[in-house]
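Remarks on the structure that follows.
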Amino acid sequence: MPHYRRILLKLSGEALLGDGQYGIAANTLDRIADELAEINAMGVEVAVVIGGGNIFRGAGLAASGMDRVTADHMGMLATVMNALAIQDALERRSVFCRVMSAIKINQVCEDYIRRRAVRHLEKGRVVIFAAGTGNPFFTTDSAASLRAVEVGAELLLKGTKVDGVYSSDPVRDPEAKRYQQLTYDEVLSKRLEVMDATAIVLCRDQAMRIMVFDITSPGTMVAAARGEPVGTVVDPGLPSAQEESS
């Protein structure tokens, strides 16, 4: 039996890279689609927010002089491309799926309307939210927090390249400690790289539970949807974080 009724998965665009430096790796896309299809078959209602960093990173060009709003709009379009790729992969697995965009591009996908999104989820369709919040200066992490709250998700799953939240970069620091559980305020005060501060504050204010897990580890996403203890949990929780050795 699934542990959660409705979840939202936040994927960075880089999660689709695989071993490449740019674009979408077919084998990585297929693995993620397989796991999403398995979760959907369990009866869990699944929403997805996808980034676009595998195709375009606006921050770099903005730092080089491009107008920030223009750069962010280009990044939004990159997320639409990724969303369409995931939709196609799911439909090839006979999973009903809808892409909903925060910016109008309705010859390609639906406009985001909250009530319609909830109805799609209730009908068992996977819903992929594209184009972030539709506003510049907001990250796709903030979009994930916002959409999770709006559609009433019980869990926000944040897929990363490591198996949880660490006290420092575990690649560079062999002494880094992995947290099993954190509160929202601990994430903010310790400046831990879970999500940006705007996203964390929204989750805190709405008591949206976050689970950070390793998206590159096959089966971990499904295990998280079953309620198994994977990665790091961020919630109102305990007043002090629990750590374990990396």
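Cβ coordinates come from backbone N, Cα and C, glycine included.
Checking the candidates D30, D72, D111 against Swiss-Prot: the one annotated together with G52, T133, G134, N135, P136, F137, F138, T139, T140 at the UMP site is D72. Record check, Swiss-Prot: ATP site residues include K10, L11, S12, G13, G53, R57, Y166, D169, and the candidate from T70, T160 also listed there is T160. Among the binding-site residues G52, T133, N135, F137, the ones whose Cα is located within 10 Å of the Cα of S12 (ATP binding site) are G52. Long-range Cβ neighbours of F137 (UMP binding site) (same chain, at least 6 residues apart, Cβ-Cβ under 8 Å): R68, V69, D72. Ranking the binding-site residues S12, N135, T139, T160 by how many other Cβ atoms lie within 10 angstroms of each Cβ puts N135 at the bottom.
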